[in-house]
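Colleague: Quick one: the structure is below, questions incoming.
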Amino acid sequence: MLCNYGSSSKYKKLDSKLERKMIEMKGSASGQSNFKSIDSIILRFPQFREGLRNLRGVFKQYDEDSNGTIDREELNRCLEKLQLHFTKEEVEDLFHSCDIDGSEGIQFNEFIVLLCLIYLLMKPSSSPDNTLKMHSLQLEATFDTIVEAFLFLDKNGDGKLNKKDVMKALNEASPWKRSPARVTRTRFKEMDWDKNGKVSFREFLFAFINWVGIESDEELPDSGT
């Protein structure tokens, strides 16, 4: 998957909001989690895959010209139909933050990230009229569980991941059988696309969707390279 990180500053505003949201949710979780190890997350991949693939129909609905991407006009109409009210600047932030290949169009995997970010940022909302209604309890549960997976990896609760967090999570279930350093470096590299040593929730989402493998007809990249 090609990534466009020529100007990381354009992601900072949204990533800062997500970081604060993660810190808030980590605090409210009080250390409780359904995940006890990285293996417990991997075992849920089939459920994640099924839940996220259900968005294919939603994507096709808003991809009005059926060209495989959602452009700005289609995104604006999508948000209107979902009864979400954003400023022009906020829509641009979302668009640029999810259009990671710089194609000026939101592809299916990017659309999943976009909806998950909106769902997260609008929940809970001080304005009930501006809360994303997924119309699918399964999808909401999928997004909530992905957030929970991130919080499990965020060991120090600062709203972002670092290599120490990932290493600790990979070795948590079996400290006597530590994962090779090469594996830890590879997994972290897959998430840290802008190579700043920290992984935002947005970066984590893109990597996580890739690991889950929502596109069964596409060959996933070799993580060993």
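Yeah, the Cβs are placed from backbone N, Cα and C, and that goes for glycine too.
Remember, TrEMBL labels are computer predictions, not curated facts.
Taken from TrEMBL, the feature domain 'EF-hand' covers 50-85, 86-121, 141-176, 179-214.
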Colleague: Using DSSP, break the domain 'EF-hand' (50-85) down into helix, strand and coil residues and give each count.
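Modeller: With helix first, then strand, then coil, the domain 'EF-hand' (50-85) has 21 helix, 1 strand, 14 coil.
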Colleague: Using DSSP, how many residues of the domain 'EF-hand' (141-176) fall into helix, strand and coil, respectively?
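Modeller: Secondary-structure breakdown of the domain 'EF-hand' (141-176): 22 helix, 1 strand, 13 coil.
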